[in-house]
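Annotated features in TrEMBL:
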type	residues	note
DOMAIN	B:61-235	domain 'Penicillin-binding protein dimerisation'
DOMAIN	B:268-606	domain 'Penicillin-binding protein transpeptidase'
BINDING	B:ASP351, B:ASP364, B:HIS370, B:CYS383	Zn(2+) binding site
REGION	B:619-642	region 'Disordered'
COMPBIAS	B:630-642	compositional bias 'Basic and acidic residues'
Amino acid sequence: MTEQRFSPLRLLVAAIRPIDPILFGLLAVLLGYAFVLMHSASPERIASLLVNAGVALAAMWLAARLSPQRLLSLALPLYAAGVLLLIAVDLFGETSKGATRWLDIGITRIQPSEIMKIAMPLMLAWYFQQREGHIRLREFVVAGALLAVPVALILVQPDLGTSLLVAAAGFYVIFFAGLSWKLIVPVALVGIVGIGAIVGFGDQLCQPGVDWQVLRDYQKHRVCTLLDPTQDPLGRGFHIIQSTIAIGSGGVLGKGWTEGTQTHLAFLPERHTDFIFSVLAEEFGLLGALVLLASYLLLLLRGFVIAAQAPSLATRLLAGSITMIFFTYAFVNMGMVSGILPVVGVPLPFISYGGTALVTLCLGIGILMSIQRSRTLAKS
Amino acid sequence: MTEFRTPEEELGRFRRRVLVAGIVALVCFGLLAARFYYLQVVRHEYFHTRAEDNRIGLVPIVPTRGAILDRNGVTLARNFAAYTLEITPSQVADLDETIDALSEIVTIDARDRRRFRKLLEESRNFESVPIRTRLDDAEVARFVARRYRFPGVEVQARLFRDYPHGEVASHVIGYIGRINLRDQDRIEERGDTANYRGSDHIGKSGLELSYEAQLHGVTGVEQVEVNAGGRAVRVMSRTPATSGSDLELTLDIELQKVAEAAFGDRRGALVAIDPRTGGVLALASKPTFDPNLFVDGISTADWNELNDSPDHPLLNRAIFSAYPPGSTFKPFMALAALTTGKRTANQAIADPGYFSFAGHRFMDDKVGGHGTVDLHKSIVVSCNTYYYQLANDLGIEGIAGFMAPLGFGSRTGIDIPGEAEGVLPSPAWKRSRFKKPEQQRWYGGETISVGIGQGYNAYTPVQLANALATIVNGGKVFRPHVVRHVIDTASGERRAIQPEPIRQLAIKPAHLAAVRQAMVDVNKSGTGARAFTGAPYSAGGKTGTAQVYSLKGSKYVAGRVTERLRDHSWFIAYAPADNPTIALAVLVENGGFGAQSAAPIARQVIDYHLLGARLDAPAREDAEAADTEADPHAEHDAEPSP
């Protein structure tokens, strides 16, 4: 910083220094998929995808430049602001498609639940950092409460998908912080048994009059159509049926770029957002899908390596949970479009169209880069 | 977790947990890869087919229905394009609301709504149903501008059937109507379902029904790529439709008009046949109806008016109603006498004015009788006594045996649907007709009334006309036909409907000549003379009067009862006498004496046919005046006195 003379080359080097080349390379591959698929699914959105990607990369770059400590210092204010905004949404939010998710702040509409996807792990990582060396049951109870408040606020919007993702993000921090297996295993067992029961008794549970108490009607339908999409082929089952037809008809090599009949004849619903994977599988086949799967796997691997080598408890927890968030997005989205998970409205990370989600995800990448850089700095 | 751990232990545990997370992620991705493999490799064929099914739709191309032309090329049935407003019920949430909203843009009256409801019941949910037909251009423009407000509602250009001559010849041409569930069953039975995919009209009566296969044409098909909304986005292949064939008739629409006009508002029927070919020149049934009413679905009011009318305008009297032939039966009886040898032409009887049989007197209509009557005179003056005796000599089996080959009592096979058989009475017929043994017995007295065309005799006008054609063409029985050519509209090829002689009767020309000579003299000096006064050609004819026995089954209508009690008036005629080109039978219901109302109609039709002009036949007022004058030539067939 003592260098006074202006030099474009030095500026460039300084600019790209925070960028982790492996993460950036994988991100470039995924964004490449996004542009290729968007050209087929919804070419008129290419320009706005370009803008979104630009904003997201800038956010990534900013996060990568900041030190992990600076980022963690934002945890509490970000979390507090997120919770307040969620309350505001529940009170004054705009309703669209039966759910109140948007808040109009004059210049633009924002979706506060998206903020929580990053704020939540940040907050919990910061909290565990504060209690480092004294992490006992009490700390896990407090962490659970910090997690439960926003999750509950999002759930009443109602937005099952996002609330599950936020809950998962928080849970990963708690898991990596060392929550006893004695507590994890029973919860996991209850979950498996519960899902098993729904699958086993789906026919009775999905009868029209049956009230599922905790879940709303539309959520019940999502689960029920997953169990038997043919029940309602032109209604709620349409998405899953058409999506599996698109994937299956793609075969090994696919029908070719922009040649997907399911995509281009509008059989595929939401083809530029949640169902963009079906476009990929239809046009590029099993090969295209496996290459994408491999790219995600490499991204996760890089994330886990960064987490394992992170210099502090908070950065470890943060890196581990962000990596698992990427995994969760990718698995839930591909699982739902291929018909093994219910349709919960989770985008395919880095590829589905949607500015807020892309910015959030790239912020996550930026944070990983920041953590990676702090390790190198700490070493040197 | 309460125990203290070193930072190294903490890091070690964290790394183990990262490993666990990594393994979970790997397993889950493995699960996805397995799922993709299952969908894209194992079940690829299945999903490939599903995707093709999704995308390819078959759209039927409805062929243009053939036109119907008369013998001179005058159009009797044709198509015209018009716009209809159609609703696809499955795509509309609230039908009533939609129709109400539409009625603010285009006129939709109560009748349209009722018809829509009726058609809705008969159609499947995903088929579009017309709410309004024949929109004008302004209405089309108004709707198109607001189309976005009406999902599931569309304007369609459709071909409509039009019968430019309206009521004229409607019983021959028939009409088409929307395919209903019964039609659908019939189409299925014929295995014609594919050809009617897309068609919404079908022939319901007349030639439209009997020549449905030729008129309809062959449905084409367009293979189109459809999107999820079911809209065609690209045509992949196309097999064009083959238009239906045109029909060219033997019927002369101008002659038909003359015939129908000649009836005035009297009820009855006329069948005119070219005896050389069996081609039908005119076939009228009065009163008639407007076939255009049926094309879009007839309204309940119109239907009730037609169906409930005591005049039964929908009834095709020419082929479906059977009447006793009265004295028009006599020339055929005379031929039977000559052919069987029961009489010679010159053999004469003395007519005392009655015929005694089994203690009963069968009366002649002329008190005191006609004096000496031979075969020729028996026809010219229509002498009953001659035929009472003859019938008795021939016996009922003899009569039935001679008449059956002439086509009496059996369908002629005319190419218009709905023909009745009539009744050629015989002991066998009576046995099958009645149940009680005492009713089944044939009585000798019954033979005697059959001899003068009364009793159980009942023939349709087309049977009588065709039988007459047979005796004036030398004994050839043709299957009468209305269609002369079936014209392939694509190639222009004209396929002729060949005259179809069913059989040649073995009747001696001399016998035929004797009967025909008597019929010519009927119009010169006999019962038909008044009607044919001044005709510049020579025509044969015979009057007849069919008795109306009872009013059973007919509604009491004040002011008409007396008229309906009157006898039916018959006249059969042919011309020119030496080489006949027309043979016809005219029936006027409750027309009284044959000479009085039926014969003038025959005269007008023959005049037009031979002279090409409407010559004023003896005015009808004349004939009516004659009623009171007791025309000496008028006949009245006596009822067998019990």
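Positions of Cβ are set from backbone N, Cα and C atoms, glycine also.
TrEMBL annotations: computationally assigned, not manually curated.
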Least buried of the binding-site residues B:ASP351, B:ASP364, going by other Cβ atoms within 10 Å?
B:ASP351
With DSSP assignments reduced to helix, strand and coil, which class does B:ASP351 (Zn(2+) binding site) get?
strand
Output field, Zn(2+) shell: CB within 8 Å of site CB centroid, site B:ASP351, B:ASP364, B:HIS370, B:CYS383 dropped:
B:GLY353, B:LYS366, B:GLY369, B:GLY371, B:VAL373, B:SER378, B:VAL381, B:ASN384, B:THR385, B:TYR386
Going by C-beta under 8 A and a gap of 6 or more residues, the same-chain neighbours of B:CYS383 (Zn(2+) binding site) are B:ASP351, B:ASP364, B:LYS366, B:GLY369, B:HIS370, B:VAL373, B:LYS377
Helix, strand or coil at B:CYS383 (Zn(2+) binding site), per DSSP?
coil
C-beta crowding around B:HIS370 (Zn(2+) binding site), within 10 angstroms:
22
